[in-house]
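Here's what TrEMBL has on this protein:
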{"type": "REGION", "residues": "A:1-20", "note": "region 'Disordered'"}
{"type": "TRANSMEM", "residues": "A:35-56", "note": "transmembrane segment"}
{"type": "TRANSMEM", "residues": "A:122-143", "note": "transmembrane segment"}
{"type": "DOMAIN", "residues": "A:122-336", "note": "domain 'ABC transmembrane type-1'"}
{"type": "TRANSMEM", "residues": "A:164-189", "note": "transmembrane segment"}
{"type": "TRANSMEM", "residues": "A:209-230", "note": "transmembrane segment"}
{"type": "TRANSMEM", "residues": "A:271-291", "note": "transmembrane segment"}
{"type": "TRANSMEM", "residues": "A:322-343", "note": "transmembrane segment"}
Amino acid sequence: MTAPIEIEPAAGPAAGPQEGRGARRGALGYALTKLGGALLSIGMVVVATFFLFRLIPGDPAIAYTRDVPLTPDQLALLRRQMGLDRPLPEQFLDFVARALRGDLGTSYEYRRPVAELIGERLGPTLLLVGTGLVIAVSLGLWQGTRAAWNHGGRLDRFSTGISLTLWSVPTFWLGLLLLMVFAAGVGPIPGIFPTRGMEDVDAPDGPMYLLHVAHHLVLPCITLVAVVYAQYLVVMRSSLLDEIGQDYVTTARAKGLRDAQVRRRHAVPNALLPTVTLVFLHIGLVVQGAVTTETVYSWPGLGLLFYEAIKGPDFAVMQGTFMVLCVAVIIMNTLADVLYHVLDPRVRSA
Amino acid sequence: MNETAARRRGALARFWRDYRAQRTGLYGAAILAVFVLLALVTPLVTDPSGLDVTKATGPKMAPPSAEFPLGTDESGRSILLMILWGSRVSLLIGFLAALLSMVIGTVTGITAGHFRGWSSAVLMRITDWFLVLPSLVLALVLAAILGGGTSTIILAIGVTSWAATARLIRAQTLAVEARPYVERSRVLGAGHWHVMTRHVLPNVAPLVLANTTLTVASAIVTESTLAFLGADAGQASWGSMLRGSYDWGAVTSGAWWYVLPPGLCIVAVVLAFTFCGRALEAVLNPRLRGVA
């Protein structure tokens, strides 16, 4: 098999080393270009959010305070507080200024600032996503390496089949199945994991608390890993397959190196490059997985907050969570771009 | 003109011969044919009044029986009937959303590839923006703001899923426009419109076809996820059935007949589209031949 020469990284289109001008100016210039792009993207998120949430049919003041009875005086006061009585450009500037200060508005459902709510929910999400990512990346890279090294073998076909199937399974359905089997129990087998939440009311203190949370974490984590690990597997596999066809691998073999050494010392480090960036680049998919997983297991994170806001609907919380999630994803992507540039000398000199 | 038709028929025959060689592609096509057929004959052989909660006749949450082959839901409706009618909603939304995504993606891709300079840069900036954003989150916000309904869901999925297609089409457009015959045509006085529709479009069309098939698969998954997260089309789809099973405790009470069938249908259809898409890619993209 002749490996096609990939000038563009296999990591995906958004890796974008095409901006050759930035690349020639050296690493710093490149990072600045990417930073500028990220700021532009974040600006676009803010603009899009502002106008999207002005599309809500009807009076925003009423939409935002849904189910809370208000007198006409209160409504008028609220409209002035929300700035609805001012012209649109002024409203926009005010919105941007508030967002920059970290003021994301007030939720009428919770009667608390949205930023505070988001801060509270950040911890559980980071715990779930962090644990899930570490496991998914390790599993994906390990299985992908094995699949590529035994290219065309039974293991290769098996893992490709598994990843294709997992890709077709909706995250939430997988969560429902796991809930049904392992939390509710099937037939005579009792459920061994909790069905919802991160902790029970009677959660123990001290070191036992960690175990308690870990027990709750098992099923959500498995769900998240199952959904995202396949993409790491596939990319690691194809990236390693490209390397196997290269001359330097043949040279390493010709030197008489053992098979495992050729793989570990020569092929895998090179194949890792696009895969490492992929971890950051596809963080958007992980965020989506987290929203669904948290909903199924009532995991008290950002995803559940977003879902509850959709269901409410609580537009203030929806707007705030939306912006935070988007900005987080954009920052991760920029990190991926810069990281790729640092790690791969070929892109640097291009 | 006759010669062109003969050539096209020949190309089609060759395509079918190559496609037939892809076993998984054939399986996928067969599964799809069954589902599409079922969705089409459902209104002819079943009565939609069984979907009405107030007119449901069966026992509540009953396991499969002779009368209800797949059991009943929380208000005594037949799961089988809901699956059959749900297939219409899921497939329709999947197809139309993928179509919308394909149109936006192809137009953006060809335009960004054909024109140089700032307009292309702006288009690619927007494409990258959509590519980076978590599309499900954006689709949820769109659906929540615009309010329920089938067209809203189609719009929400289509508007958030075209970016990857646009990237792909743009790359292909750049490759096609570098070919000598396009340059020849340009020298002979062909305008932008002529080059884009007569030379670029036919050349990227196979790629668009394969890509759309894969997009339908992800659109169906997105539709079910949106429905599960509360943004449904107002009609029973497979996703909203699963929402119902979750809300009514079918998961924790072990009512597997309410949870398994809709999910299995989604997986079957999505796998079928993925198989077809991969087979199309393998047939249409010579570089992949013999590799996959």
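The backbone N, Cα and C atoms fix where each Cβ goes, and this holds for glycine too.
Curation plays no part in TrEMBL annotations; they are all automatic predictions.
Counted over residue pairs 6 or more apart, the CB atoms of the transmembrane segment (A:164-189) and the transmembrane segment (A:122-143) come under 8 Å in fewer than three pairs, which marks the two as apart. Counting residues 6+ beyond its ends, the transmembrane segment (A:122-143) has Cβ neighbours under 8 Å at 159, 198, 213, 217, 220-221, 224-225, 228-233, 236, 272, 275, 279, 286-287, 289-290, 293-294, 299-303 in the same chain.
With a cut-off of 8 Å between Cβ atoms, the residues of this chain six or more beyond the transmembrane segment (A:271-291) that come close are 9-12, 14-15, 125, 128-129, 132-133, 137, 141, 144-145, 148, 171, 223-224, 227-228, 231-232, 235-236, 239-240, 242-243, 301-303, 306-307, 325, 328-329, 332-333, 335-337, 339-340, 343-344.
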